[in-house]
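A.B. asks: TrEMBL feature annotations, pasted as is:
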{"type": "TRANSMEM", "residues": "7-26", "note": "transmembrane segment"}
{"type": "TRANSMEM", "residues": "38-58", "note": "transmembrane segment"}
{"type": "TRANSMEM", "residues": "65-84", "note": "transmembrane segment"}
{"type": "ACT_SITE", "residues": "Asp116", "note": "active site"}
{"type": "TRANSMEM", "residues": "127-148", "note": "transmembrane segment"}
{"type": "ACT_SITE", "residues": "Asp132", "note": "active site"}
Amino acid sequence: MRVKNRLFWIVAVISLVVDQLTKFWVVQNFYLSETQPIINGVFHLTYVTNTGAAFSLLSGRVEWLRWLSLAVSLGLMALAWFGGVMRTLEQLGYGLILGGALGNGIDRFVAGSVVDFLDFRLIQFPIFNFADVSINIGIICLLIATFAQSQDTTRTR
């Protein structure tokens, strides 16, 4: 049996597994708020929990975020399953977004918060996780796909 949008599913699963394994490793090897410099003053691994959205936006007990993660995940799965065959960059983008939404969604449903640990201190950026990276790279892929499609449409006129 041939799976429609195969790259979408593969990318989503890999993204989810990497996210959950890295979070598990951090929880097993760090105390809450512990930090380990990888490149001192530039990049650290720092274990924190986040009850808000990506990059600690909307911090606090934001219960609706778990349901948003679920809705986005179900919507993306429906798009891949019931929709047409997506272009490669769309499959990559949507797959990364699904993996990230599932990764953070699992954390929110199980623990009520998300494990964050990637700490770029050089630019004083909020601490984040692999799911956040996946979602943002996925959005970039979709923007590129949209721009490329509009360029193709312009050329054919």
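Quick reminder: no glycine exception, Cβ is built from N, Cα and C everywhere.
In the displayed structure, how are the listed features positioned relative to their neighbours?
C.D. replies: Within 10 Å of the Cβ of Asp116 (active site) there are 25 other Cβ atoms, across all protein chains.
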A.B. asks: Rounded to a whole number, how many Å is the Cα of Asp116 (active site) away from the Cα of Asp132 (active site)?
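C.D. replies: Answer for this pair: 9 Å between alpha carbons.
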